[in-house]
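Everything below concerns the one structure shown next.
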Amino acid sequence: MAVTGACTNKKLYLAAPRGYCAGVDRAVVTVEKALEVYGAPVYVRKQIVHNRHVVETLEGRGAIFVDELDEVPDDALVVFSAHGVSPQVKKEATDRGLRTIDATCPLVTKVHHEAKRFANQDTQILLIGHAGHEEVEGTTGEAPENITLVQTPADVDGLALDRDRPVAWLSQTTLSVDETVETVDRIRDLHPQLIDPPSDDICYATQNRQHAVKQMAPQCDLVIVVGSKNSSNTGRLVEVALESGAKASYRVDNAGEIEETWLDGVSTIGVTSGASVPEALVQGVIDLLISKGWPPAEEETLIEESLSFALPPQLRKRRTTAK
């Protein structure tokens, strides 16, 4: 992955794929389209995606973000975020007569369906994920009596499971692929008959972005990951960069958060971004680094992504392009 035409030993690499995934694009466009069709305000339960810039931009267009439905006025329109909600939240909205649009990523919805199917078979479900994350809360709500949360491989040894009932595992869609494999292997050591989900729960975009960083990181003195602090998949990219050989890796919301000391003695920098990050924020980082003497970025595409998801039924007649 050589940089051509640069009269310097400095190198700048740009990982691909990066940034928006199909689920994020669908969720952001859902709010934009709802504002266009129904007018402001449009309420959104939780952040539509975990990116500060996206949320602030939508707020400027008339979206109002709330933590819970009791903050939403009667008869208002509310959008459920890409991370999904529990059946209890949907019932609360129905009971109050709120108009709703569900922007849950279809890949998260798939995990919800798997949880319900396993629960209907009286299967114990080990959900690998992060406590407090909206996606984990939504999935747990589908089968609360069957699901036990497992956050790390170390949690496995303390599990108290019924040996007479089957055990299956599911996962949050934005986890580290390697750590999830380690956790599943640990579970299977104790429960050899462990049942796998029908297909990977970790989404294609999470896996692709991690694989792209793995390819880039060994060549880098520094990997900069663009994304917000509360973005799970962004945090995992920092971890993957360090585990894959980068000498240092930091997360930034935008170019303004890059510290000068990070660049001291650094010649090779890699840049990537989480799945809810607009490309403009990545370009801002590239522009800053070029202004400080790095050559134009060399991009190598690991895999082309072409997946897209249909908008929620209420909004399918006309579609706008996400900015």
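In case you wondered, yes, glycine gets a Cβ from its N, Cα and C as well.
On a predicted model such as this, the values are computed, not experimentally measured, just so you know.
Here Swiss-Prot flags E135 as active site, proton donor. Sequence-distant contacts of E135 (active site, proton donor), defined as residues of its own chain at least six apart whose C-beta falls under 8 angstroms from its C-beta, comprise H83, G84, V108, V111, G129, Q172, T173, T174.
According to its DSSP assignment, C105 ([4Fe-4S] cluster binding site) is coil. In sequence order, A22, G23, V24, R26, A27, A82, H83, G84, T173, C203, F309 are the residues of the chain that are 6 or more apart from C105 ([4Fe-4S] cluster binding site) and have a CB within less than 8 Å of its CB. Per Swiss-Prot, the feature [4Fe-4S] cluster binding site maps to C21, C105, C203; the stated evidence is sequence analysis.
When secondary structure is read from DSSP and collapsed to three states, H133 (dimethylallyl diphosphate binding site) falls in the coil class. The dimethylallyl diphosphate binding site feature in Swiss-Prot is assigned to H50, H83, H133, S231, S232, N233, S276; the stated evidence is sequence analysis.
The annotation (2E)-4-hydroxy-3-methylbut-2-enyl diphosphate binding site is assigned in Swiss-Prot to H50, H83, H133, T173, S231, S232, N233, S276. Counting every protein chain shown, the Cβ of S276 (dimethylallyl diphosphate binding site) has 30 other Cβ atoms within 10 Å.
The isopentenyl diphosphate binding site annotation in Swiss-Prot covers H50, H83, H133, S231, S232, N233, S276.
Residue with the densest Cβ environment among the binding-site residues C21, C203: C21, by other Cβ atoms within 10 Å. In the three-state DSSP classification, S276 (dimethylallyl diphosphate binding site) falls within coil. Comparing H50 (dimethylallyl diphosphate binding site) with C21 ([4Fe-4S] cluster binding site), their Cα atoms are 13 Å apart once rounded.
Annotation note: H83 (dimethylallyl diphosphate binding site) sits in a coil segment as assigned by DSSP.
The residues near the [4Fe-4S] cluster site, meaning same-chain residues not in C21, C105, C203 whose C-beta sits within 8 angstroms of the mean position of the site's C-beta atoms, are A22, G23, V24, A82, L107, V108, T173, T174, Y204, A205, T206, A275, in sequence order.
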